[in-house]
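Under the heading signal peptide, TrEMBL lists 1-23. Look at TrEMBL and you will find 62-149 tagged as domain 'Purple acid phosphatase N-terminal'. Residues annotated as domain 'Calcineurin-like phosphoesterase' in TrEMBL: 157-357. If you look up TrEMBL, you'll see 372-435 marked as domain 'Purple acid phosphatase C-terminal'.
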Amino acid sequence: MAMGGRSMAPALALLVVLAASAALFVTPVCLAVTSPYVRPAPRETLSLLQDADRDDAGGQTPQQVHISVVGPDKMRVTWITKDDAPATVEYGMSSGKYPFAATGSTTTYSYLLYHSGKIHDAVIGPLRPNTTYYYRCSSSSSREFSLRTPPATLPINFVIVGDLGQTGWTTSTLKHIAATDYDMLLLPGDLSYADFIQERWDSFGRLVEPLPSARPWMVTEGNHDVEKLPLVAEPAPFRAYNARWRMPHDVASPAPPSGDNLYYSFDAAGGAVHVLMLGSYADHAAGSAQHRWLQRDLAAVDRRRTAFVVALVHAPWYSSNDAHRGDGDAMRDAMEPLLRRGAGEVDAVFAGHVHAYERFRRVRAGKEDPCAPVYVTVGDGGNREGLAGKYVDPQPAISAFREASFGHGRLEVVNATHALWAWHRNDNDDAVVADQVWITSLAADPACNRNMNRM
């Protein structure tokens with residue numbers, strides 16, 4: 001899946017859009033829309049067997065390669081080999097030439113009768129921003145990869161999609177994501193839908209590899225990633241998730257690190273965007289480690305340099321879908337007060353879990369508030385359980401747009417004041433923009449920024 005070239009100059013795009021009629025681009029704030037779109041039939045679950053040509057080189061051929069950001073100028077490369085292999089990444093800015101190298105660590109895990117391959121990760125850098133690097137893992141000459149680092153300034157383009165799984169609709173979603181350019185993918189939980197069958201983690205890694213080997217994927221956990229079996233031999237949750245998808249929980253951002261792979265934060269675009277990856281399935285009650293960490297993290301945000309703060313969480317804090325009603329309520333009750341008007345006010349919160357799309361207005365404590373976050377559910381990447389098609393009727397006034405379809409979202413932070421959110425529906429294998437809205441930074445709104453951090 002080749003990545004396309006960068007889109008037209010964002011400044012020009014912004015001028016074109018703002019010059020057009022706002023009604024063509026923004027769902028009016030007075031209108032609540034329940035889409036009449038008829039959802040398609042489910043698609044079969046995929047099974048990706050080990051490719052025969054990857055069993056060569058004595059089991060040292062890298063597979064399931066993915067990258068994630070580590071601090072402002074480094075990248076973690078993770079890959080798996082069948083047998084022992086060096087945990088080394090060689091890299092450079094020309095194909096076939098690798099003047100730089102980094103050596104990391106190797107781990108494995110067992111789950112019931114399953115034994116993983118050798119899971120390697122190494123951190124490379126410092127790297128130049130917005131630059132293409134070529135790399136190979138474990139000194140394998142059979143597979144060369146390339147990645148592009150995110151930009152150090154705005155604009156920056158995020159893809160946001162949850163509940164991917166591995167079905168025919170997943171492949172359609174991945175195809176749409178790869179067809180146009182982006183800088184980083186954010187995934188709010190439920191990656192492989194392995195559900196205790198560990199080989200599904202391997203097939204998921206092979207399925208998505210063309211994308212996360214080329215652009216960083218930043219993930220947080222969902223309920224299908226827990227895999228805890230308390231009555232048998234697997235009492236520890238997230239064994240596979242933590243072993244395979246290590247995130248920068250041990251890196252300051254700029255607040256002290258979280259120390260837990262289930263929740264963390266990082267800066268993007270040179271600190272212009274601060275991203276919170278929250279853990280729905282880690283303790284979030286008042287006084288918990290996650291609650292205390294979030295409080296410290298938000299207090300460290302300086303809105304003079306951070307234009308947007310966005311958060312991802314698996315179980316939605318607001319939803320008008322019948323599926324999973326109330327699953328995110330306890331976390332919302334504990335943590336929503338931390339997203340108060342003040343130092344670290346969050347501009348938007350994105351969730352998965354509910355297999356449908358829904359966008360809310362700016363909401364706080366269940367009521368519309370112009371200085372509160374926009375809430376979006378995008379748990380529609382392509383999971384094998386199907387879509388959640390039943391909504392509360394009538395549609396709540398705080399719900400702006402909802403539709404039960406597979407798809408993905410894109411958040412383009414254009415400048416320090418505006419970001420464009422667009423949700424792309426998978427419509428007969430075509431990506432169709434079904435919902436689109438401009439989000440204004442709360443730091444740029446004089447009515448909302450009076451109490452923001454002025455360090």
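Residue numbers in this text run from 1 along the chain shown.
Yeah, the Cβs are placed from backbone N, Cα and C, and that goes for glycine too.
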* Averaged pLDDT, computed only over the residues in the domain 'Calcineurin-like phosphoesterase' (157-357) -> 95
* Counting each residue once, how many in the domain 'Purple acid phosphatase C-terminal' (372-435) are helix, strand and coil under DSSP? -> 0 helix, 34 strand, 30 coil
* To do: Helix, strand, coil: count each for the residues of the domain 'Purple acid phosphatase N-terminal' (62-149), based on DSSP.
  => 0 helix, 51 strand, 37 coil
